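As given in TrEMBL:
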type	residues	note
ACT_SITE	TYR96	active site, proton donor/acceptor
ACT_SITE	LYS126	active site, schiff-base intermediate with substrate
BINDING	THR5, VAL169	pyruvate binding site
Amino acid sequence: VNGTTGEGLSLSIQERKQLAEEWMCQGKDKLDHVIIHVGALSLPESQELARHAAAIGAGGIAVIAPFFFKPTHKDELVPFLQKVAAEAPAVPFYYYHIPPLTGVKIRVEELLEGIKERIPTFQGVKFSDTNLLDLAQCIHRNEAQQLEFLYGVDEQLLGALALGADGAVGSTYNYLGRQTNLMLEAFAKADLALARKYQFLTGEFLSFVIKLGFGVAQTKAVMTFVSGIPMGPPRLPLLGASEEFTAKAKAKLDSIVWPGGD
C-alpha cells in the first residue's frame, strides 16, 4: 500500500494515512497481510507513517531508500532504516529495493550483513531490480535467518522463483493475477514448460507496451479496461495514458492466447 503503483510518494502524509486505514478496513478477514510503504525523503515523516501503520495494525511496513540526498553506502542507509523501524518495534520491516527509480545501487547482499542486529524486526526485501546475482547471493547467504525475498520485476519472476524467491509484489498482478497464479502453480509442480509459457506471454505483453511508453499512468489505464473499475488519472508530473496507447494495449492483451485457452 502506498508503493510505486499507488503513487505513494506523490501523496500527502494525510492522504497516505487515509489510504492505509482504508486498506486495513477493506482487507480485514480477506487479506493475509497488508504491508504499508512508509518511506519518505524526510526521516520524521517516515517515522510518523511507521507509527501510524503500527497503530492501525499493519502486518508489515516497507521503506524505500531516500533518493534526493542519496545514501551511497550501507553505513548511510542502514541508520535511516533503523530509525524508521524503531518507531514500529513490533511490526515486521521490509527494505524496498528499487534502484531504477531511486538511483540507490547499494547491493542488497552487502546491506544485509549484520542487519538483524541493527534492525531486529527486519523481515526481508522487496527486490525490484534485474540483478539476479545479487538476489541469488542474498538468498544463499541468508537462509539461516529465514528472511523473505519478494521479487518485483514481473517479467523475470520465474527466474527469481528458480533462485528461491518467496513471493512477488508487482503491478501486473493487478490485471494478470490469475495467469501469474497459474504460473506459480506450474512452477510448484515442476512443470517448467508450462510455467515458461506463462512467463513468456507476460513478457510479450510487457515488451509491447514498454515500446509504447509504459509507466504508472499506463498501468492504471490497463487496470481500468481489464477490471472495469475507473482508476482515475495519475498525479502530476505524470500525465494520463493516451487513447492510442489504451486501444493498442487492449488489442494486444486481447490477442494473447494463454495456455488452456484463457
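Using the three backbone atoms N, Cα and C, a Cβ is placed for every residue, glycine included.
Just so you know, TrEMBL annotations are computer predictions that nobody has curated.
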- line: Close in space but at least six residues away in sequence, with Cβ under 8 Å from that of THR5 (pyruvate binding site), the same-chain residues are SER171, ASN174, VAL216, THR219
- prompt: Are there any residues in the same chain, six or more apart in sequence, whose C-beta is under 8 angstroms from the C-beta of LYS126 (active site, schiff-base intermediate with substrate), and if so which?
  reply: ALA62, TYR94, TYR95, TYR96, HIS97, ILE98, LEU150, GLY152, VAL169
Message: If you count CB neighbours within 10 Å, which one among the recorded positions TYR96, VAL169 has the smallest count?
response: VAL169
